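Input: a single structure, listed below in structure tokens.
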Amino acid sequence: MATFAELVLSTSRCTCPCRSFTRKPIIRPPLSGLRLVGDTKPLFRSGLGRISVNRCFLTAVARAESDQLGDDDHSKNVEDKQKKASQLKKRVIFGIGIGLPVGCVVLAGGWVFTVALASSVFIGSREYFELVRSRGIAKGMTPPPRYVSRVCSVICALMPILTLYFGNIDILVTSAAFVVAIALLVQRGSPRFAQLSSTMFGLFYCGYLPSFWVKLRCGLAAPALNTGIGRTWPILLGGQAHWTVGLVATLISFSGVIATDTFAFLGGKTFGRTPLTSISPKKTWEGTIVGLVGCIAITILLSKYLSWPQSLFSSVAFGFLNFFGSVFGDLTESMIKRDAGVKDSGSLIPGHGGILDRVDSYIFTGALAYSFIKTSLKLYGV
């Protein structure tokens, strides 16, 4: 369709016979942002008939708005990509910043490992009880009193330390649970079963299960005699005796959990089509299978390098348990956060959320790894 200026220029004479029409250049004003109001009567006549200026204006305005919307969408996409890239960069930086100290703590073992674990347990238990007290979970139920939550967080933090000192804390955990249950039952007001169940699960989830990492790292003190790296380990750092079955098993388990999360994420991004569960809609079966393959592959490679365990079947089984514990722990925490109506358990770690968001895959894994080694591997797999 010809524009308004082109129609005017194409008219060489006026419709009136008494005077002539002089062609002059017409400068079109910019049409971006124009809004036409009023009637739709033609403004003039020409030799070509009636010309509706409104139609020209509407066409130009529509084209200008379309271009403007396209520019807005493009800039929005660019901004979203930049935001995702910034978040990924932040996650990588803080992930490396956390991973290196954690590796040093695992190598140190003993009280260093135990105190670091107890600190993480205390922060994680505080996040858990805050989730329990949130609107999503507390709707329709009475949350545990705040003083009970704080006492339970302290009890959870003491469990790894008591595990290192006593070796077995079953009696202590049972006694603590009994005292907490009495405190809930005799409180003022109307005690609720939801208070008791959420508190007992908190003691088990945040305190008792993480204590198995102390049993695994510090309790399995049998030397890994065939480990090649132990023969070159400095004497000042403990020499070959420092490389125990517990240290090797902990390193392999940690690596298996990291491999599961990494390969599952990459596999889900590349091949993910089928949702795994409604608890976590972003997880897919394809990503989970890739995570399983990656975890078993990393476990086999490390077992060959560290010469533990000796059997290939044991390595595959150990890798599967690490994978299962990682996925189950991740889904459990996702269920808690979904009921609480939050995305992250906290904001302690930029780009990663809270402590529970980072250690959820490790909570069940330590107990599974320790139980497997104690019950299934003869001579601890040496």
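Keep in mind that glycine also has a Cβ here, set from the backbone N, Cα and C atoms.
Feature annotations, reproduced from TrEMBL:
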- 92-123: transmembrane segment (TRANSMEM)
- 165-186: transmembrane segment (TRANSMEM)
- 193-213: transmembrane segment (TRANSMEM)
- 243-266: transmembrane segment (TRANSMEM)
- 287-306: transmembrane segment (TRANSMEM)
- 312-331: transmembrane segment (TRANSMEM)
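Counting Cβ pairs closer than 8 Å and at least 6 residues apart in sequence, the transmembrane segment (92-123) and the transmembrane segment (312-331) reach fewer than three and form no contact.
Beyond the transmembrane segment (165-186), the same-chain residues lying 6 or more positions past its ends with a Cβ under 8 Å from any Cβ of the stretch are 144-145, 148, 151-152, 155, 159, 195-196, 199-200, 203, 207-208, 211, 215, 219. If one looks beyond the transmembrane segment (312-331) by at least 6 residues along the same chain, the residues whose Cβ comes under 8 Å of a Cβ in the stretch are 252-253, 256-257, 260-261, 264, 277, 279-280, 283, 288, 291-292, 295-300, 303-304, 360-369, 372, 376-377, 381.
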